[in-house]
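Colleague: Heads up, here are the entries from TrEMBL:
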type	residues	note
DOMAIN	62-485	domain 'Major facilitator superfamily (MFS) profile'
REGION	16-36	region 'Disordered'
TRANSMEM	62-80	transmembrane segment
TRANSMEM	100-121	transmembrane segment
TRANSMEM	128-147	transmembrane segment
TRANSMEM	159-180	transmembrane segment
TRANSMEM	189-209	transmembrane segment
TRANSMEM	221-244	transmembrane segment
TRANSMEM	304-329	transmembrane segment
TRANSMEM	341-361	transmembrane segment
TRANSMEM	368-388	transmembrane segment
TRANSMEM	394-417	transmembrane segment
TRANSMEM	429-450	transmembrane segment
TRANSMEM	462-483	transmembrane segment
Amino acid sequence: MAHLYHFNFHSSIGHHGPKRTLKHGSEKKAPKVTSPVTPETASEILAQQTTKRILRRVDLRLVPILSLLYLLCFLCRQNIGNAKTYHMTYDLHLTTQQYQIALTSFFLSYSTFDIPCNILLKKLRPSVWLPLVTLLSGIVTVCMGLVKNADQLIVVRMFLGMTECGLFPGVAYVITMWYCRREAQFRQALFFCAASMAGAFAGLLAVGLSKMDGLGGLEGWRWILIIEGLLTAVVAICSFFVVLDTPDRTKFLTKEEKEFLLRRLEVDQFGEEEDELTEAEKTRIHTDMPKSQIFKSVFTDWRIYAHILVFYGICCPLYSISLCLPSIVQELGYTSTQANFLTVPIYITACLLSLSTAYLSDRTGMRAVFIAISYATMFAGFLVAALRPGHLPGLAYAGLFIAACGLYPAFPGMITWCSNNLAPNGKRAIAMALHIGMGSFGGAMGSNFYRPQDKPLYRLGNWLNLGFVCVGGAAVAVIYYSYNKENKRREGVRAGLERELEKAVEKAGRGTEEGERLKREFVVRKEESLALEGDRSVWFRYMM
């Protein structure tokens, strides 16, 4: 059966990807079969059907549980905003400054421990690490519902950041271990849509759980935190038996199916010439890079820092909205219940737009264009909110609604664009943790944008968000220009190397032993370059 999984690939974007892409995500539809059916056409159709069937099974086993874990963790992260509308600050005697410190403390610890967490992920396996950090997040959230004063709240929020920081970069990395580059964004969007759905559920749950006010001598806002924390912990315990490891360790696929998935990922990263290597050569070439070399490659890559600026342009507005939206809407003249209900349509719409944008991005293989469109939407929304007259409070809601419709589609696109252009796997794991960890500092800033003293117009918060959107948009343009210029340079270098090979083969004689030796040496050098230099190799093509 193994021969069914072995077929030719080439890249529609450099050396990466299937030769005739398979019908999934960004992949093209199967060609119409005309009579007579050639052996090559039959093999291709069979390969496409195999890919579609296996990836559907992977999708059903991998994406739902990861999305559920992130939904619950994001719920634990932002439910403090809902609790605030039900008198949490009054019951704990919080000053405005103390509340803002509680919001900020989460992001300080969250950003600090991202890289160590991704290193632990590789040591402990996804099936252990991801449920573990979710379980700890649920326990800490329950503790947050039992705090008695501001100091306890700040400390518990800091611990919550430490427990949650391992989930998002871990899941983002795990997705790259299962899917090819042009299949990743839609899965990232499915996963990240859990964040927007968490916003919707947070509002609905807050309204319902607040009715428990007085039960057991506890205030309604405490029950919001306690019940949501307990729910997170229970699901996390169950997920220990559900979350998948890497393709080579999974048990629900046959040996041939595992080999097929691993083959696709190898071709996506190294090209079809990988098959021309012996097992000894593969083992030698693909030996893990030394940690010192990986860290040097990560911390000296200026494009990663540019991607962090793109992250800031999305993360600052995202958390300023998700943490403060119920309070902002309440200041427009609505009750606590109405304010929480009015956040639901924003998050549901943002979720749908995230999925549709990711689908189109994977189908077209374009990342920057859709990120730029999302940035333009964010800019328009915050501009409306910032310029709205005081007597038209509805424009503030409309502006934030429009901004959210750009924020949530941009987030998975930004994560996927960065991860698509990182190689090898060792660098990708560390770089994604740095990207997400440093970028999450934006949450520490964004959580302080909408200050109580600026209500009800909140002009400062809206203008600050506009500023970060402009910075992130400029970073997108710089990265796009850099990738495009570097791709053109590398195309020229590759063409030169291939011409030199052709001349050498012609001189040695085509079909001769010497000619074949020269071609094989060329392939080995190419694969060594991709394995050791990763995205800095002349054979690596950046995804635009």
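Positions of Cβ are set from backbone N, Cα and C atoms, glycine also.
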Colleague: Take the transmembrane segment (62-80) and find every residue of the same chain, 6 or more past its ends, with a Cβ under 8 Å from one of its Cβ atoms.
Modeller: 88, 102-103, 106, 130-131, 133-134, 137-138, 140-141, 144, 157, 160, 164, 167-168, 171, 174-175, 178, 187, 190-195, 197-199, 201-202, 205-206, 224-225, 228-229, 231-232, 235-236, 239, 242-244, 322-323
Colleague: Of the listed stretches 189-209, 221-244, 304-329, 394-417, 462-483, which one has the most C-beta pairs under 8 A with the transmembrane segment (341-361)?
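Modeller: Ranking 189-209, 221-244, 304-329, 394-417, 462-483 by Cβ pairs under 8 Å to the transmembrane segment (341-361) puts 189-209 first.
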Colleague: Give the one range among 128-147, 189-209, 429-450 whose Cβ atoms make the most pairs under 8 Å with those of the transmembrane segment (304-329).
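Modeller: So the stretch in question is 429-450.
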Colleague: Which listed stretch (100-121, 189-209, 221-244, 368-388, 462-483) has the most C-beta pairs under 8 A with the transmembrane segment (159-180)?
Modeller: 100-121
Colleague: Count, for each of 128-147, 189-209, 368-388, 429-450, 462-483, the Cβ pairs lying under 8 Å from the transmembrane segment (100-121), and report the range with the highest count.
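Modeller: Stretch with maximum Cβ contacts: 429-450.
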Colleague: Contact between the transmembrane segment (221-244) and the transmembrane segment (128-147) is defined here as three or more C-beta pairs under 8 Å separated by at least 6 residues; is that satisfied?
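Modeller: Yes; at least 3 Cβ pairs under 8 Å.
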